[in-house]
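Novice: Got a structure for you, written out below as structure tokens; questions coming shortly.
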Amino acid sequence: MQYQLLINGVLVDGEGERQSVYNPATGEVILEIAEASPAQVDAAVLAADSAFAEWGQTTPKARAECLLKLADSIEQNALEFARLESQNCGKPLHCVINDEIPAIVDVFRFFAGAARCLSGLAAGEYLEGHTSMIRRDPIGVVASIAPWNYPLMMAAWKLAPALAAGNCVVIKPSEITPLTALKLAALAKDIFPPGVLNVLFGRGQTVGDVLTGHEKVRMVSLTGSIATGEHILRHTAPAIKRTHMELGGKAPVIVFDDADLDAAAQGVRTFGFYNAGQDCTAACRIYAQRGIYDALVEKLGNAVSSLKMGAPEDESTELGPLSSLAHLKRVTAAVEEAKALSHIRVITGGSQTEGKGYYFAPTLLADAKQEDAIVQREVFGPVVSITVFDDEDQVLRWANDSRYGLASSVWTQDVGRAHRLSARLQYGCTWINTHFMLVSEMPHGGQKQSGYGKDMSLYGLEDYTLVRHIMVKH
């Protein structure tokens with residue numbers, strides 16, 4: 001298929017510099033795509049601003065019908081989407097088909113229903129002779145920046161609530177992994193009125209900055225790194241735009257001596273290495289109580305070393321490559337820094353694999369200390385550290401000693417302990433005896449430098465609205 005931008009309901013070629021898109025499993029170029037020019041970014045935003053006058057006044061039913069049509073279209077083209085995502089990201093094809101595509105379809109269907117349930121919280125006479133009511137209205141033009149780790153899923157998380165609430169959107173996928181977003185554009189063209197949804201392609205410095213800084217953009221939604229979030233906040237601060245930030249994580253996984261160690265080890269094997277560890281909620285920072293530390297290290301070593309790396313199209317592949325050569329170099333540097341510490345033990349993995357593609361072996365680093373960079377910084381790869389702790393107070397202090405605040409988990413059979421820690425952990429989500437589980441009905445989002453705002457759930461829908469007070473004198 002031809003990959004084009006969607007601007008004002010028309011598929012067009014980019015007018016900017018051409019960029020190569022790679023297959024990370026082979027390191028080979030898939031194709032080249034031209035970026036949007038500044039004039040095309042301007043045209044997309046102006047089209048969205050013009051379309052908002054009508055789209056923002058449509059009924060929730062009408063918006064829901066469009067979202068349902070898009071969900072149906074994605075479902076009908078599931079295999080093509082999955083193949084594109086697998087080819088462009090290196091994800092195991094069966095994971096995209098069985099895990100990601102159904103979740104993406106569900107997000108659009110959830111927000112189609114949620115659009116029809118959005119309402120204000122109060123109506124009444126709070127002043128004699130006056131009736132007050134609360135409205136939740138759309139914001140206007142939303143600029144959405146999607147990341148490279150889950151390109152289509154993160155696009156869905158941003159598009160569905162924004163469109164459901166009555167906003168118009170200009171979305172820019174990562175220049176590393178744009179193919180599924182551009183495929184989505186081709187489907188959306190015949191579903192939404194012109195200008196309601198616009199899809200651009202390009203780098204942050206050439207397209208993203210022009211988009212987020214445009215005077216007609218009222219809100220910017222980003223999933224990305226802390227550095228990118230800081231840049232966008234500085235860039236948009238003079239205009240005081242509404243912002244929604246999901247900026248990564250370093251999830252603590254606290255395993256107490258009464259936990260089911262087999263379940264914990266298998267949980268980390270699955271939840272720490274899914275998508276090659278390129279997940280903001282990955283179970284990557286393990287704390288094990290002293291009494292079970294050695295046993296858990298052994299179980300984790302066996303579990304992690306059994307992960308099968310391979311070609312994305314192979315049904316038995318559990319771990320694919322990292323998304324880019326640049327990211328492979330970042331992960332390698334982080335692990336080499338950890339390995340240089342005399343107290344770190346490499347239980348398994350620890351290096352790039354031989355051969356083509358951007359593969360890094362699943363890695364378990366034992367005896368990490370709280371102050372180590374491998375514990376404090378997000379690696380965003382198939383790398384898990386494990387640290388011993390003595391008691392509840394110590395591990396709570398260590399778990400919260402992080403600039404991140406997205407996700408965490410506690411593994412214990414003590415219900416009281418689970419409740420105590422979940423109440424005090426400074427994370428947007430805490431799982432008990434599991435990790436990584438997300439559903440459309442529940443909010444996902446962080447605190448501290450992991451950002452603010454919620455994806456999914458009714459809270460996510462509300463983030464794309466303005467609360468307004470209307471008062472009538474009578």
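In case you wondered, yes, glycine gets a Cβ from its N, Cα and C as well.
Annotation source Swiss-Prot lists active site at E246. The active site, nucleophile annotation in Swiss-Prot covers C280. Swiss-Prot lists A146, P147, W148, K172, P173, S174, E175, D209, S225, I226, A227, T228, C280 with the feature NAD(+) binding site, giving sequence analysis as the kind of evidence.
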Novice: How many other Cβ atoms sit within 10 Å of the Cβ of S225 (NAD(+) binding site)?
Specialist: 15
Novice: Give the three-state DSSP assignment (helix, strand or coil) for W148 (NAD(+) binding site).
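Specialist: W148 (NAD(+) binding site) sits in coil per DSSP, no helix or strand.
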Novice: Looking only at E175, E246, the recorded positions on record, which one has the least crowded Cβ, with the fewest other Cβ atoms within 10 Å?
Specialist: E175
Novice: Does anything in the same chain, at least 6 positions from P173 (NAD(+) binding site), have a Cβ under 8 Å from its Cβ, and if so what?
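Specialist: When sequence neighbours closer than 6 are ignored, P173 (NAD(+) binding site) has A146, P151, A155, T180, A181, L182, V199, F201 within Cβ distance under 8 Å.
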Novice: How big is the Cα-to-Cα gap, in Å, between W148 (NAD(+) binding site) and C280 (active site, nucleophile)?
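Specialist: With the alpha carbons as reference points, the distance is 12 Å.
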Novice: Distance between S225 (NAD(+) binding site) and C280 (active site, nucleophile) at the Cα atoms, whole Å?
Specialist: 10
Novice: Which one is it, among the recorded positions E175, A227, C280, that lies nearest to E246 (active site) by Cα separation?
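Specialist: When the Cα distances are compared, C280 comes out closest.
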Novice: Report the largest Cα to Cα distance, in Å and rounded to a whole number, among the residues A146, P147, W148, K172, P173, S174, E175, D209, S225, I226, A227, T228, C280 that the record lists as binding NAD(+).
Specialist: 24
Novice: In DSSP terms, helix, strand or coil for S225 (NAD(+) binding site)?
Specialist: coil
Novice: Rounded to the nearest Å, what's the C-alpha distance separating the residue listed as 'active site, nucleophile' and A227 (NAD(+) binding site)? Just drop the number here, would you?
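Specialist: Per the Cα atoms, the residue listed as 'active site, nucleophile' and A227 (NAD(+) binding site) stand 14 Å apart.
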Novice: Quick one: what's DSSP say for E175 (NAD(+) binding site), helix, strand or coil?
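Specialist: Its secondary structure by DSSP: coil.
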Novice: Between A146, A227, C280, which of the recorded positions has the fewest other CB atoms within 10 angstroms in the structure shown?
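Specialist: Among the recorded positions A146, A227, C280, the lowest count of other Cβ atoms within 10 Å belongs to A227.
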Novice: Translate the DSSP assignment of E246 (active site) into the three-state scheme.
Specialist: strand
Novice: Within 10 Å of the Cβ of W148 (NAD(+) binding site), how many other Cβ atoms can be counted across all chains shown?
Specialist: 21
Novice: Under a three-state reduction of DSSP output, how is the residue listed as 'active site, nucleophile' classified: helix, strand, or coil?
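Specialist: Assignment for the residue listed as 'active site, nucleophile' reads coil.
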